[in-house]
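Reviewing the structure listed below.
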Amino acid sequence: MADSGLLLKRGSCRSTWLRVRKARPQLILSRRPRRRLGSLRWCGRRRLRWRLLQAQASGVDWREGARQVSRAAAARRPNTATPSPIPSPTPASEPESEPELESASSCHRPLLIPPVRPVGPGRALLLLPVEQGFTFSGICRVTCLYGQVQVFGFTISQGQPAQDIFSVYTHSCLSIHALHYSQPEKSKKELKREARNLLKSHLNLDDRRWSMQNFSPQCSIVLLEHLKTATVNFITSYPGSSYIFVQESPTPQIKPEYLALRSVGIRREKKRKGLQLTESTLSALEELVNVSCEEVDGCPVILVCGSQDVGKSTFNRYLINHLLNSLPCVDYLECDLGQTEFTPPGCISLLNITEPVLGPPFTHLRTPQKMVYYGKPSCKNNYENYIDIVKYVFSAYKRESPLIVNTMGWVSDQGLLLLIDLIRLLSPSHVVQFRSDHSKYMPDLTPQYVDDMDGLYTKSKTKMRNRRFRLAAFADALEFADEEKESPVEFTGHKLIGVYTDFAFRITPRNRESHNKILRDLSILSYLSQLQPPMPKPLSPLHSLTPYQVPFNAVALRITHSDVAPTHILYAVNASWVGLCKIQDDVRGYTNGPILLAQTPICDCLGFGICRGIDMEKRLYHILTPVPPEELRTVNCLLVGAIAIPHCVLKCQRGIEGTVPYVTTDYNFKLPGASEKIGAREPEEAHKEKPYRRPKFCRKMK
């Protein structure tokens, strides 16, 4: 009784507003009780206004309109355990509503078809309607079973071999687009029969039935398979590198499609995360492909230039893939030392590309036709040697296929003058110049501008005696051969193609260098992965592999990036990244070693390795390299540059207890070349940011 009296007493003390609010009728807009408009949020007021307008348009009471809206929303909800009521049959007097229901059901019918179907462990089937795309992240092997699709500019048709695609998190996501292909005039039944026969060798009966049920003319059927390579396993074995290929993120709702793609090793991404090409980029690609396929004036030489982070490398890959759709091979001249495409960093190389490039540089390293190890990620303070190496490598170009020239992103001050020298030296037929809103100012490199400007080592056309540009003075400065002086190269002009890109990248001048260093380390790790046994054998630690023993008197040594005292040469070589080169001089006449070179030679580089130890008693170098033994017999020079072994290789050595070899905290940064040796790249020009000043709304008057 005491409790009940206490409750009654508490009830009588309630406020008048609460009793009035509970007594008055509630307007049912939803399952929640009515609230004042003042307490509604912006989205709630907007939803209420939309319901009022909809009810006014339909001519019913707004409360009835709210009920209709709630019923329509309930109809769109997924089925639950409670069965939905069976709709009443449509009266015969209203035949006009039947076509509307039919069209509504037909427009929603494709949404009920799952876009991805699991067809086994690590396999998924993707059915793409014509001109539809599938953007994803991760790595997989793609086989086109029926139709025709395009990935990164490369066309994959039915019957062609599978392609390995690397849509990693260091670059933009890739997409699989279904193309419109030519078909003979056949009925849909005949097309289904043809597709069913093509799928027999890849899919079982149930999967073929699912494909035929969802089949439509001009569609493409793609098989996605799990991909695992020795390169991927080796890179992901180091801490912090696993997220590059597969990045797990929490999913609010796990669907069958997510599970099917997860077994493959990929993840569907939004279209905006994929690669988007501007109209000027597509126009430039179309023009260059047409010129390369016509071959009226010979094979074109295409030089691509522009500032940093504007999409030059992405354009080059897309152009290579486009050209490989029509041509058997494409030549590629790498002149960017810091971000090389097919080789470890610090190289100038010439390659013949016969297979598509469907990923970032560290996923498609190739063996070049000719390569010279410069030894630094930048040509600062040694431009003349850089020009000499470019000319030496370019001399191997046979002009049998189109040539794409990749240049550095340094386009200001001396970098622009160096680019003008490259244009005069290589005589390109087309110059593709990139520009964007966030890039540095760069003048249009028209033929007239190049003729009127002086380079670092070349003079303008107006300063030459002849009206046609000749490289005679340039040859004297670079010590060309006598036969080359007698027949100098003639400059005939080029066609300038401007490309505007809105390439948005989250790189700032502060973190650009760290990002570029990560990409260089990934290229070195990819090269070292060639030491691993083929799949499915397990990985072997680098310190467990047997190195080659090289006598002191068999090879010559040269430190390219800094002057080192002869007594400290072996300290610089030990535990370093070395270039395995071949020079013309014979070094076999020396009995003792080490043999030191006074100047850095311009010679062919056959590969790279790690000097993992030096035996002073037996006078042997211990070199760990994936270069074949038949090529190692011709190596007689070791070049050591500023390119360093990634820190993770030295720090994360499995099976080692105690002190890790070659790892120390006692490092003297004041030694010549010490900052370059640890991988720090000296920028071409110091980036000076202006301090942020707060706006002044008033000033004090004296």
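Including glycine, each Cβ sits where the backbone N, Cα and C put it.
Of S84, S487, the one with phosphoserine in Swiss-Prot is S487, while the others lack that note in the record, though it may still apply to them.
Between the stretches 31-47, 269-285, 507-523, Swiss-Prot puts its motif 'Nucleolar localization signal' entry on 31-47.
Of the listed binding-site residues G306, G311, the Cβ environment within 10 Å is emptiest of other Cβ atoms at G311. A sphere of 10 angstroms centred on the C-beta of S307 (ATP binding site) encloses 21 other C-beta atoms. Of all the Cβ atoms in the protein chains shown, 19 others lie within 10 Å of the Cβ of Q308 (ATP binding site).
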